[in-house]
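Notes follow the structure.
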Amino acid sequence: MSPLVLTIIISSLGLGTILTFIGSHWLLVWMGLEINTLAILPLMIRQHHPRAVEASTKYFITQATASALLLFASVTNAWTSGEWNLVEMVNPGSATLATIALALKIGLAPLHFWLPEVLQGLDLTTGLILSTWQKLAPFAILLQLYPSLNPNLLIFLGVLSTMVGGWGGLNQTQLRKILAYSSIAHLGWMISILHYSHNLTQLNLILYIIMTSTTFLLFKTFNSTKINSISSSSSKSPLLSIIALLTLLSLGGLPPLSGFMPKWLILQELTKQNLIIPAIIMAMMALLSLFFYLRLCYATALTMTPAPINMLTSWRTNLPPNLALTATASLSIFLLPITPAILMLTS
């Protein structure tokens with residue numbers, strides 16, 4: 001792909017997200033989402049591989065369906081209330097339909113079936129964009145609509161997503177599918193607390209983006225897409241394999257790492273709101289997610305590659321310095337001690 005075309009595509013991605021951020025009119029917001037969807041399709045299909053074509057087709061059909069539902073919800077709300085303003089969602093039916101459309105857009109259970117399959121068909125760089133940047137625009141809408149949304153529906157979607165994310169990742173051997181189920185579980189944590197504390201949703205989203213970016217960048221550095229290929233990472237770079245170990249444990253929410261902070265605060269807030277049963281279910285499902293992160297940790301840092309290996313490996317490769325990986329890895333591991341300062345800034 002030529003640099004000019006790539007620049008136009010990346011600029012369009014940014015433009016679509018910014019339009020959704022700044023828009024207060026439903027049609028402007030919808031237009032931003034459409035630009036966002038159409039801009040990522042050339043990045044997804046640039047490999048010219050059957051799996052990439054299949055993933056792009058599935059993604060386009062899913063996002064088009066979600067956009068149609070969202071447009072129908074906004075038109076129905078405007079028809080009943082006479083308001084095109086984003087925050088004036090007074091019709092409960094339109095609010096429910098908008099919630100379902102946005103859940104389909106970001107991949108919340110039970111509307112998650114497209115996400116693992118699409119992510120599996122992409123390269124790691126495009127998968128990183130899909131798992132992080134593409135979540136920003138729908139969450140920008142959800143964070144503006146949250147007073148109008150049904151809290152019971154949000155809790156149902158959140159708890160079901162944590163269950164699907166925990167169970168779904170257990171039997172996977174492909175790293176991209178594991179990260180897809182990890183994404184579903186984390187989105188469940190964010191959406192369950194949205195109605196009660198939108199600041200916690202924002203905090204969880206930021207930390208999720210940081211930790212997921214670190215994981216994708218590490219796998220890209222190791223050039224690994226399967227669990228059995230990641231076991232050669234310790235021979236490529238022992239330091240990076242330790243960072244990968246800590247980042248995966250942080251994704252699992254293990255103290256004293258950064259990923260423990262949002263889970264702890266969300267469980268605390270759910271308990272304050274008397275939602276004891278959802279909090280217990282989500283905490284138990286976090287243990288399932290932690291199990292498959294531990295599988296990855298075992299493969300990354302605690303196993304050695306067998307001698308007869310069928311892939312090209314390098315011994316102690318001199319990896320170039322990566323500033324983005326350094327910054328995201330530091331934030332993924334060391335943020336827990338400054339939780340009071342973060343809470344003060346977000347309150």
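Using the three backbone atoms N, Cα and C, a Cβ is placed for every residue, glycine included.
Residues or ranges marked as domain 'NADH:quinone oxidoreductase/Mrp antiporter transmembrane' in TrEMBL: 25-287.
The domain 'NADH dehydrogenase subunit 2 C-terminal' annotation in TrEMBL covers 290-343.
According to TrEMBL, the feature transmembrane segment maps to 57-75 (among others).
For 95-115 (among others), the entry in TrEMBL reads transmembrane segment.
Taken from TrEMBL, the feature transmembrane segment applies to 153-171 (among others). Long-range Cβ contacts of the transmembrane segment (153-171) within its own chain (Cβ-Cβ under 8 Å, at least 6 residues beyond either end) map to 96, 99, 103, 108-110, 112, 116, 177-178, 181-195, 275, 278, 281-282, 285-289, 291-292.
Residues 103, 106-109, 112, 115-116, 119-120, 127, 131, 135, 139, 142-143, 146-147, 149, 151, 154-155, 157-166, 168-169, 172, 204-205, 208, 212, 215-216, 251, 262-263, 266, 269-270, 273, 278, 282, 285-286, 289, 292-293, 296 of the same chain, all 6+ positions outside the transmembrane segment (178-196), place their C-beta atoms under 8 angstroms from a C-beta of that stretch. Marked as transmembrane segment by TrEMBL: 178-196 (among others).
Taken from TrEMBL, the feature transmembrane segment applies to 202-219 (among others).
According to TrEMBL, the feature transmembrane segment maps to 239-255 (among others).
Long-range Cβ contacts of the transmembrane segment (275-294) within its own chain (Cβ-Cβ under 8 Å, at least 6 residues beyond either end) map to 155, 158-159, 162-163, 165-167, 169-170, 172, 178, 181-182, 185, 188-189, 192, 248-249, 251-254, 263, 266-267. For 275-294 (among others), the entry in TrEMBL reads transmembrane segment.
Residues of the same chain lying 6 or more positions beyond the ends of the transmembrane segment (323-345) and with a Cβ under 8 Å from any Cβ of it are 203, 207, 210-211, 213-214, 217-218, 221, 243, 246-247, 250-251, 255-261, 265. What TrEMBL records for 323-345 (among others) is transmembrane segment.
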Intrachain neighbours beyond the transmembrane segment (239-255), with Cβ under 8 angstroms and 6 or more residues off its ends: 182, 211-212, 214-215, 218, 221-222, 230, 233, 262-264, 286, 289-290, 293-294, 296-297, 300-301, 319, 329, 332-333, 336
Averaged pLDDT, computed only over the residues in the domain 'NADH dehydrogenase subunit 2 C-terminal' (290-343): 77
